[in-house]
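Working notes, structure below.
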2 protein chains.
Amino acid sequence: MPSAYTRLTSRFQRLSRFGHLSAIAGWDMMTMMSPGGSRARGEALAELSVLQHQILTSPETAVDLVQAKQESLSDDEWVNLAEMERAWQQAVILPARLVEAKSVAGSRCENAWRSQRPANDWKGFAENLKEVVYLSRQEAEIRAQNAGVSRYDALLDIYEPGMTSCQLDTIFSDIKSWLPDLLQRVITHQSEQSIQQPQGPFTIENQRHLGLKAMETLGFDFDAGRLDVSAHPFCGGVPQDVRITTRYDQQNFLSALMGVIHETGHARYEQNLPTQWPGQPIALARSTAIHESQSLFFEMQLGRSPAFLARILPEVINHLGVQPALTQQNFIRLAQRVEPGLIRVNADEVSYPAHIILRYEIERALIESEIEVEDIPALWQEKMERLLGMDTTGNYRNGCMQDIHWTDGAFGYFPTYTLGAMYAAQLFQALGRTLPDVEQLIADGDLQPVFIWLQENIWHHGSRFSTRELITRASGEDLNPRWFRQHLESRYLAD
Amino acid sequence: MPSAYTRLTSRFQRLSRFGHLSAIAGWDMMTMMSPGGSRARGEALAELSVLQHQILTSPETAVDLVQAKQESLSDDEWVNLAEMERAWQQAVILPARLVEAKSVAGSRCENAWRSQRPANDWKGFAENLKEVVYLSRQEAEIRAQNAGVSRYDALLDIYEPGMTSCQLDTIFSDIKSWLPDLLQRVITHQSEQSIQQPQGPFTIENQRHLGLKAMETLGFDFDAGRLDVSAHPFCGGVPQDVRITTRYDQQNFLSALMGVIHETGHARYEQNLPTQWPGQPIALARSTAIHESQSLFFEMQLGRSPAFLARILPEVINHLGVQPALTQQNFIRLAQRVEPGLIRVNADEVSYPAHIILRYEIERALIESEIEVEDIPALWQEKMERLLGMDTTGNYRNGCMQDIHWTDGAFGYFPTYTLGAMYAAQLFQALGRTLPDVEQLIADGDLQPVFIWLQENIWHHGSRFSTRELITRASGEDLNPRWFRQHLESRYLAD
Ligand SMILES: [Zn+2]
Ligand SMILES: [Zn+2]
């Protein structure tokens with residue numbers, strides 16, 4: 001008779017195999033599937049998701065979780081058990097009718113949004129969003145009561161275990177105190193530099209080969225993954241078979257190139273997760289913010305650094321041809337251009353946090369019932385004005401209707417983008433203490449020591465440590481926004 | 001409380017949704033997956049297959065199947081119930097340990113075969129094959145005892161319900177009586193014609209676009225499917241999202257073009273299966289041979305007919321460029337070339353039945369324990385000599401080791417290829433009685449009446465009728481090899 005712990009590991013391995021099929025079918029839906037297949041695919045994936053929920057929340061799981069605590073377990077097994085319990089708890093706590101209602105309301109809101117956004121139809125969108133908010137508040141309330149925290153913190157914990165709005169408030173008010181001024185100085189500084197735009201078109205085929213070359217340089221394992229195209233870039237698949245995507249703009253090759261570098265960061269984390277606990281929660285990536293820290297480490301810390309840009313420029317020219325804009329100095333200026341805009345996904349790393357803080361403040365107030373859906377546009381306008389000095393009055397399409405996150409109730413997700421940026425800066429700073437010659441290594445194209453450091457400090461730990469412990473072991477301290485500020489100042493104001 | 005029949009339909013719809021995920025993940029494995037993903041994919045698919053088996057063979061299914069027979073059902077529901085029972089019976093009858101052992105032995109044999117075949121290592125292969133044969137005999141014995149038929153007939157029934165080796169013997173001995181002579185006459189006849197080979201290379205991109213054009217001409221629904229590349233061409237996916245594949249030979253464009261036309265025949269059957277019984281067995285394709293009859297109807301009856309070849313030639317030239325070999329007369333000769341060879345998958349339609357009869361006779365004797373694995377090479381040699389006049393002594397690689405079917409125990413499958421060819425000829429003949437001007441329609445590119453006839457007579461029936469009933473309703477008689485002979489004689493000896 002296997003122990004309760006062993007029974008749990010079998011059950012989670014089984015769940016992970018079903019998760020594999022769901023990940024591949026999900027990737028296929030975004031990259032390969034013809035539109036006519038969407039209804040049947042939706043039904044198949046929903047059926048699988050019901051099954052996964054049933055396995056996770058079965059009475060046997062509950063009994064085994066209690067019983068396993070009486071068994072003699074190794075340290076790693078305790079950690080794994082705690083992660084199992086966390087997954088179980090998150091699933092078991094919501095009544096089935098709420099899960100179902102949220103899923104239906106989310107799909108309806110998202111489907112309508114696809115046409116409402118281009119039509120700038122805020123009124124129509126708000127109607128559906130109200131239902132999503134109503135149900136998300138219910139979800140948050142149930143989770144909050146169970147965890148003894150605030151509603152918003154309960155949702156935040158889904159994506160970023162251990163993070164609280166109290167900590168976020170401290171961090172974000174720090175950022176708000178210096179960001180608008182820093183942004184102004186960077187813009188003034190850059191306005192004194194001349195910059196030349198590259199002349200497209202750059203064919204998709206050439207851009208694709210350049211992207212593959214960058215992935216190779218960055219150590220992507222092509223035996224365990226691939227690059228494709230989707231409307232919204234993502235990193236999907238499973239650790240043994242990571243599927244990253246990009247989209248190509250024939251006029252702007254930097255967008256796909258930097259996107260590929262970003263997703264390669266996500267991919268290398270997945271490809272290098274620990275293999276000694278197959279299918280177990282302890283072997284998964286730590287959190288959404290730590291995941292984003294790896295992509296932003298690749299894109300922002302490494303990818304847009306002068307040393308890396310200088311190193312990859314010959315490949316760019318090799319694939320896209322010589323042109324006046326592709327001098328080293330101009331190429332670096334292009335990749336480091338700061339230009340506040342309305343759209344979050346197009347934002348540079350200096351203005352990005354403003355987009356996140358704005359969304360965080362609104363979504364938190366929304367979940368805590370301090371504001372209602374009707375209040376969003378005015379708040380959006382006020383905060384955009386204050387943080388980025390931009391006017392979005394009446395421009396819902398490129399204002400509060402631009403993102404997909406709220407349409408299906410993913411409240412609590414936005415802060416992880418900026419947490420990721422701060423973790424990335426802090427990790428790069430810590431790496432620099434271990435490898436003082438890191439810039440030279442990058443310039444020489446000798447990235448192996450960098451990857452080994454990430455592997456030893458982040459990737460191969462999986463979920464072995466809490467985020468706080470992971471980051472403290474790697475960098476000597478808990479999250480400290482100072483390194484992010486220092487990174488921005490030294491990159492954008494030093495010369 | 002839903003009726004037993006309703007419970008069964010829900011269960012089969014659920015099975016069909018899991019089948020959807022299995023089909024897409026299987027397609028991905030053959031077309032997209034990097035090699036490093038294969039172990040995890042294999043485990044995920046095996047886990048799903050265990051689940052499907054559990055659902056199908058659950059005690060509830062057995063009880064509901066008995067109970068549903070007491071309920072008042074429509075004619076269609078009775079048919080669907082019978083198909084459900086058939087699927088259940090096929091699955092429930094084998095002990096789990098035999099299914100497991102067959103799967104393990106099959107994988108081992110197939111994996112080793114991948115290197116043993118190029119190495120011409122018959123001895124090594126025979127060792128693994130013995131185990132597969134041993135287990136397949138056990139499977140056949142269990143199925144035979146249950147059905148009260150011979151061992152081989154029990155396996156044949158998996159692929160071709162209702163077909164018997166007695167009927168096959170009659171048909172195949174008829175073919176054997178005229179085929180060698182016909183083949184000789186065709187070869188002599190063609191040796192008097194001059195033929196010019198096209199000069200490659202033909203780029204994959206150009207061949208792909210030509211293939212897509214052919215699919216369009218043949219009514220493939222691109223909103224519900226796509227074309228990709230795999231080592232072995234197949235038609236996969238689900239009816240709402242059919243995935244066909246081909247492979248490209250830069251020197252020989254006809255191979256991919258005719259392959260695409262073949263798979264398009266499979267695809268249109270799938271895309272036009274009835275939709276009023278979602279997820280139910282009655283809505284599935286009738287049988288392996290009927291499926292093959294649709295692909296061969298497209299490839300052989302339609303695709304290699306002079307009228308169709310003349311019609312598609314301008315597109316060929318349009319995509320691949322003008323060249324001397326692409327005159328109408330020479331193009332038809334190329335597509336209708338008869339040349340006996342060692343390899344079944346490369347065979348023309350005149351010599352193809354010889355490859356099948358040879359395999360049928362050997363695999364039947366093997367399953368019935370009349371011969372052993374060691375006897376295969378000598379029998380192969382003797383039959384190749386007699387049927388096609390070719391010598392394969394010592395050439396195991398291109399002899400009895402060329403196919404994948406036996407490696408994982410798919411005994412009983414081979415005959416469906418030639419049954420498909422005969423059904424295709426018989427259906428085309430029947431179509432000609434309804435549409436006497438069919439050749440003119442093809443020449444004019446007006447294929448809609450042909451598709452409507454197939455839709456009404458085959459596609460939209462799904463599994464509503466038995467194969468015999470289906471073919472009798474469509475053509476006025478049961479399978480009659482005469483039409484196939486007449487097709488070959490009129491195509492290859494008439495001019
Ligand atoms: Zn990211
Ligand atoms: Zn076929």
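A Cβ is built for glycine as well, from the same backbone N, Cα and C atoms used for every other residue.
Per TrEMBL, the feature Zn(2+) binding site maps to A:His262, A:His266, A:Glu292. The feature active site, proton donor/acceptor is assigned by TrEMBL to A:Glu263.
Counted within 10 Å of its Cβ, the other Cβ atoms near A:His266 (Zn(2+) binding site) come to 23, all protein chains included. The number of other CB atoms found within 10 A of the CB of A:Glu263 (active site, proton donor/acceptor), across every protein chain shown, is 26.
What surrounds the Zn(2+) site, by Cβ distance within 8 Å of the Cβ centroid and not counting A:His262, A:His266, A:Glu292, is the set A:Cys235, A:Glu263, A:Gly265, A:His291, A:Gln294, A:Ser295, A:Leu296, A:Phe298, A:Glu299, A:Gly420 from the same chain. There are 23 other CB atoms within 10 A of the CB of A:His262 (Zn(2+) binding site), with all protein chains counted. Note: the Cα of A:Glu263 (active site, proton donor/acceptor) and the Cα of A:Glu292 (Zn(2+) binding site) are spaced 9 Å from each other. A simple way to gauge crowding: the CB of A:Glu292 (Zn(2+) binding site) has 24 other CB atoms within 10 angstroms, across all the protein chains here.
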